[in-house]
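Trainee: Below: one structure in structure tokens.
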Amino acid sequence: MVLLWLTAMIPGARPASSCKSAAGVGCKSASPAQYGLLLSSFAIMSIGAGGIRPCSIAFGADQIDKKNPNYERVLESFFGWYYASALISVMIALTAIVAIQDSMGWKVGFGVPAILMFCSTILFFVASPLYVKMKVSKSLFIGLAQTIVVTFKNRKLAFPPQDSTGSYHHEKDSELVAPSAYLRFINKACIIKNPEDITQDGIAANPWSLCTVQQVEELKALVKVIPMWSTGIMLSINMSQSSFPLLQAKSMDRRFISNFKIPAGSFGMFTIASLFIWVVLYDRVILPLASKLKGKPVRLGVKERMGIGLFFSTMSMVVSGIVENIRRRKAIDQGLQNNPNAIVDMSAMWLVPQYALSGIAEAFNAIGQTEFYYTEFPRSMSSIASSLVGLGMAVANLLASVILNTVDNATKKHGKESWVSTNINQGRYENYYWLLAVMSLVNMVYFVFCSWLYGPLQKTSRLRRKDDIEKEEE
């Protein structure tokens with residue numbers, strides 16, 4: 001943030017303002033050094049975000065006492081409020097910070113976030129003694145790589161007898177003494193072939209030839225969750241279609257109260273607002289009321305919430321197509337087919353339902369996904385669990401571009417107007433929305449299959465612990 005702020009503060013860090021017209025005549029290009037400073041700020045920001053975003057939510061969840069009898073309910077509430085607060089910060093950024101930048105310029109506009117980030121960092125270290133901190137072990141990624149390599153090396157190795165728990169290498173004083181039966185072929189990575197493979201301290205002499213039961217279960221957890229993770233990509237593809245509603249809003253009557261016009265780019269606030277309102281209602285009204293009526297704690301399971309989110313996302317695309325179909329017909333009836341910049345006599349408030357449905361979809365699915373990964377993964381994988389939703393969004397953005405380009409190329413053949421034409425009144429954006437709705441419906445069926453395949457939560461991959469084995473032997 002400081003580097004970005006310096007691009008505004010130092011005159012030599014940016015091109016001189018020599019433009020003489022709105023068309024860009026006489027504009028001087030940025031030098032390699034100026035580009036380097038700007039891109040460096042983006043690169044360092046990305047590294048910082050990569051450390052903060054996946055770890056902060058897992059770090060926050062670590063503060064919750066697992067001995068709490070209402071642990072699952074508290075954890076669910078935490079994830080919901082964490083997500084809601086993050087979106088409130090986005091709302092502040094898109095309103096208050098943007099207003100400061102517009103009214104006071106970039107020097108103050110970039111300076112304010114830099115100061116806020118500095119204050120946040122100071123507060124983090126000042127409050128550090130109050131936090132519960134998990135001890136750092138070894139690199140998880142190296143452990144996963146070692147397990148894959150050893151599994152391949154031992155692919156022809158025979159399995160020991162089923163009741164032979166001493167044949168598996170596990171960490172000293174670990175509760176995990178034998179791997180689960182799920183994805184059994186990976187268990188070969190922790191089979192002890194020779195006693196010499198383990199040192200006197202109980203550690204593998206060569207970690208690239210022998211892994212622990214814990215490492216095996218970590219890889220299994222990651223492999224097992226990939227199909228469920230892939231079901232959330234379609235929702236993120238739908239969420240990434242922000243440019244089309246923007247075009248719709250620009251072509252509609254955006255008057256809200258009297259002569260006040262809502263900026264076309266601000267309609268995304270309805271998504272954030274609906275998400276926040278739903279989190280508050282769900283956590284503070286619906287669940288307490290349902291629990292009171294039934295006389296016992298009531299909560300929706302994470303897989304149910306993920307499925308409900310996919311349903312609302314599908315409905316959002318259906319509603320988007322219906323609204324666009326009505327808007328386009330009105331534009332044609334009003335003789336505006338060849339004028340994409342004209343304002344159609346139709347209120348932009350018709351766009352609010354699709355934004356609201358999208359926000360509710362995200363509230364159910366994205367928050368449910370985060371909780372699902374966190375509760376299903378071993379504690380050592382909590383940061384990876386928190387980053388999977390962001391990874392899905394990144395993959396979705398790439399796939400959304402592929403889908404858009406494919407639709408554009410396929411529909412403009414033989415001289416026809418593309419569905420996603422730059423002229424929104426001549427294109428068929430409603431068909432594009434309905435295509436996404438059909439894909440979302442297929443994804444819902446895929447989700448049901450993956451959910452069935454995954455099985456009950458934390459049961460199909462239940463680990464054999466010392467006390468379980470002792471009971472079996474007795």
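For all residues, glycine too, the Cβ spot is worked out from N, Cα and C.
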Trainee: In TrEMBL, which of 216-233, 306-323 is tagged transmembrane segment?
Mentor: 306-323
Trainee: From 18-38, 39-59, which range did TrEMBL mark with transmembrane segment?
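Mentor: The range carrying the transmembrane segment annotation in TrEMBL is 39-59.
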Trainee: Which stretch, 80-100, 260-281, 306-323, 384-404, tops the Cβ pairs under 8 Å count with the transmembrane segment (39-59)?
Mentor: 384-404
Trainee: Take the C-beta pairs under 8 A between the transmembrane segment (432-455) and each of 80-100, 260-281, 306-323. Which stretch has the highest count?
Mentor: 306-323
Trainee: Same chain only, please: residues at least 6 beyond the ends of the transmembrane segment (80-100) with a C-beta under 8 Å from a C-beta of the stretch. Say none if there are none.
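Mentor: That would be 57, 60, 108-109, 112-113, 266, 268-269, 272-273, 275-276, 279-280, 282-283, 363, 366-367, 370.
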Trainee: Please report, as numbers and ranges, the same-chain residues at least 6 past the borders of the transmembrane segment (260-281) whose CB is under 8 Å from any CB of it.
Mentor: 80-81, 83-84, 87-88, 90-91, 94-95, 242, 245-246, 249-250, 254, 348, 351-352, 355-360, 362-363, 367
